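A.B. asks: Quick paste of what TrEMBL says about this protein:
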type: TRANSMEM; residues: 42-61; note: transmembrane segment
type: TRANSMEM; residues: 90-110; note: transmembrane segment
type: TRANSMEM; residues: 131-148; note: transmembrane segment
type: TRANSMEM; residues: 154-172; note: transmembrane segment
type: TRANSMEM; residues: 192-211; note: transmembrane segment
type: TRANSMEM; residues: 231-257; note: transmembrane segment
type: TRANSMEM; residues: 269-289; note: transmembrane segment
type: TRANSMEM; residues: 309-337; note: transmembrane segment
type: DOMAIN; residues: 345-448; note: domain 'FAD-binding FR-type'
type: TRANSMEM; residues: 565-591; note: transmembrane segment
type: TRANSMEM; residues: 611-631; note: transmembrane segment
Amino acid sequence: MVYKFFSKAANLQHFVKVFRVTINSSFHNNLTKQMKMSSMTVFRLIFLVVFLGWLMIWVMMPTKVYKNAWTPKLNDKLNSTYFEEQGTNLLLFSFPVMFIAAFGCVYLHLQKNLRKPNSRGVLTSNRRLSFLRRPALVMAPLGIVTALELAFAAMFIALLIWSLANYLYVSFGHLHMHKQGEKVWQAKFRSVSLRLGYIGNICWAFLFFPVTRGSSILPLVGLTSESSIKFHIWLGHLSMILFAAHTVGFIIYWAITNQMVLMLEWSKTYVSNVAGEIAIVLALAMWVTSSYRIRRKMFEVFFYTHQLYILYVVFYVLHVGAAYFCMILPGIFLFVIDRYLRFLQSQRRARLESARLLPCGSIELTFSKSPGLYYNPTSIIFLNVPSISKLQWHPFTITSNCNMEQDKLSVIVKRQGSWSQKLYQQISSSVDRLEVSVEGPYGPTSSHFLRHELLVLVSGGSGITPFISIIREIIVESTKPGCQVPRVLLVCAFKNSADLAILDLLLPVNAAPSNTPQMQLQIEAYITREGELPTEDNLKLLRTIWFKPNQLDSPINASLGNSNWLWLGAIIVSSFVMFLLILGIVTRYYIYPIDHQNNGETYHYSYYVLWDMFLLCACTFIASNAAVFLFRKKENAVERKQIQNLEVPTPTTSPGSWFQNANGELESQPHQSLVQATRVHFGARPDLKRILFDCKASDVGVLACGPRKMRHEVAKICSSGLSDNLHFESISFNW
């Protein structure tokens, strides 16, 4: 009895000890998580205050108060011998954005660590603002514009109008006659032309943010580079209109005042007219070739002409001068950092493991990736194949899921255009190895689509690509205990029955049998140009080609690894601080003595900007190379252990699951379940209005991807107001 008593007491004591450890660990984890969430809230408040202050400076800059009251005081305190006339603009316009970009990296790192499985219960707070994401404007030139995007566009236009009105009001009150005998209307005409250039400079302050793919600014406002590319297009068009009016206005002014000789002036003490003229010529070439039709039909023309942006930036900055360059410095600074990191990443060859040639003429490329690389569905990567073109980079949507396939990354390439045709020919010729460089991946920071009760995916042709990754993500989430996932209705339209083979990619080749039954998936496939399934004799086979591993190839990984945001923040801080320090030293001990010599000689106006551009590039390169060197030093040691001497399987061929189902049984249970969930409609097009209005759920997320006409039709149906449960979102895809 005594033994039993003490035995029970010992067990009870052990249980209490374990219980205490568990409670303490849980309490510690919850406390740490709460502290991180509190710090993230503080970060958001700081970012909001700094951003609003930065915008307020832009609002106040064209006013008389800023010119007459603020500017003299600011110049006295900030334009020191270390920065001269750049001091004020560096503090007011450059520092706030660089601050947000640097500490935004810390915020995004904390957010990534706090990522939870998304479910309908987690993101319910976002529904309150769902009306802002509804399409407010659907037009061919502008595309699909949400209410939130329209509000931001209206506020930006209001800022431009406000700035122009105040600039003209202030300048008309202090007109300067630049030529003896000049009339008042001529002076006003010159003033208007000059101020149009000022307004264009405001557009330039925002122009480079959308094309900075690895930016920390875009995720902070819930955008990706792909989804925000429309803002870059809008800003590009708007700035070109303003700069064209600015240029034409000055040419007319010089003509009517007999000063055409000024077109050839490169002044030592003021702006260079020649630099501005070269810049506008380069910009016009880029503008004309960036039209929608040229981008779609002659991509190479658009791509190669757009590389003139480097010269355009150089001559534009030489034209506006150092003070105005500091106003637009953050966008260019962050773009240069991102572009150089992409360059360093692209120097490594990605390890291409296999390629599947689909009956529809498309190719699925499967790469090896680092197990720690995380990306969300609908993310993209950029591919470069040097044997085809050393300059061309093409974006493709990732179809694999990093939770389902931890060491694989797949994309689909459609055979259209000269680049993809050459790629198809090289792969089909059974090459042993194909050199491929990769940039990315880039994508959203969360799987927001999981918050809906029902998810309707509408695709046309190759638009199904991003939905493959979405469906795979839902399959993964459905296997987690207690996680609710939406029901899925996939409506896909194809031209030919051969395109049905793409549906095989909804599941990876090695899909586990336990995955698919736990999600409710219904597929409605429409074949528009065929009336029935082709006979077995006419079937094209699905062919798989394996490539030999090579020690020179590396698994795909983020340019700075799993702690990518922290490394990026360190690069931004170190490069910007280095830039300021060296610029201050050069200005104080080299430029300042020349400017203040007794002989009246001044430092060349354009040389200021050349120093700025040189130091920007040099500091960026030094900081980026140092960070990448430290990161890769650790990574290379791990990679040497991962090189596997695998035997390359022989090429295999087989019909797709959809065609096997017509003639026999499927061996794969997941693919069999997928085929059974599919209804194929031959010789018909989907009635989108009927399909969407028949959706019986309180919260229906509608995602559309494919031809522009189809996306616009879906957007109009969802924004018609006839059904309050439809929440539309357009997805950009790359194929």
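Residue numbers in this text run from 1 along the chain shown.
Cβ coordinates are placed from backbone N, Cα and C, and glycine is handled just like the others.
Show me how these features fit into the shown structure, please.
C.D. replies: Listed by sequence, the residues of this chain that lie at least six past the ends of the transmembrane segment (131-148) yet keep a Cβ under 8 A from its Cβ atoms are 230, 234, 708, 711-712, 715-716, 718-719, 727-730.
Proximity of distant same-chain residues to the transmembrane segment (154-172), defined by a Cβ-Cβ separation under 8 Å and at least 6 residues beyond the stretch ends, is recorded for 58-59, 61-64, 67, 188, 191-192, 194-196, 198-199, 202-203, 206, 238.
For the transmembrane segment (192-211), same-chain residues at least 6 beyond its ends with a Cβ under 8 Å from one of its own Cβ atoms are 58, 62, 93, 156, 159-160, 163-164, 167-168, 171, 217-218, 223, 225, 228-232, 235-236, 238-239, 242-243, 245-246, 249-250, 252-253, 316, 320, 324, 327-328, 330-332, 334-335.
Below 8 angstroms of C-beta separation, residues 85-86, 89-90, 93-94, 97-98, 101, 197, 201, 204-209, 211-212, 215, 217, 271-273, 275-276, 278-279, 282-283, 286, 568, 571-572, 575-576, 579, 605-606, 608-610, 612-613, 616-617, 620, 623-624 of the same chain, each at least six residues beyond the ends of the transmembrane segment (309-337), sit close to that stretch.
Taken residue by residue, the domain 'FAD-binding FR-type' (345-448) breaks down under DSSP into 14 helix, 37 strand, 53 coil.
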A.B. asks: Select the range from 42-61, 90-110, 231-257, 565-591 that forms the most Cβ-Cβ pairs under 8 Å with the transmembrane segment (269-289).
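C.D. replies: Top-ranked stretch among 42-61, 90-110, 231-257, 565-591: 231-257.
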A.B. asks: Answer yes if the transmembrane segment (90-110) and the transmembrane segment (565-591) have at least three CB pairs under 8 Å among residue pairs 6 or more apart in sequence, and no otherwise.
C.D. replies: yes
A.B. asks: Across the domain 'FAD-binding FR-type' (345-448), what does the pLDDT come to on average, as a whole number?
C.D. replies: 86
A.B. asks: Test the contact criterion for the transmembrane segment (565-591) and the transmembrane segment (42-61): 3 or more CB pairs under 8 Å, pairs 6 or more apart in sequence, then answer yes or no.
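C.D. replies: Not in contact, no.
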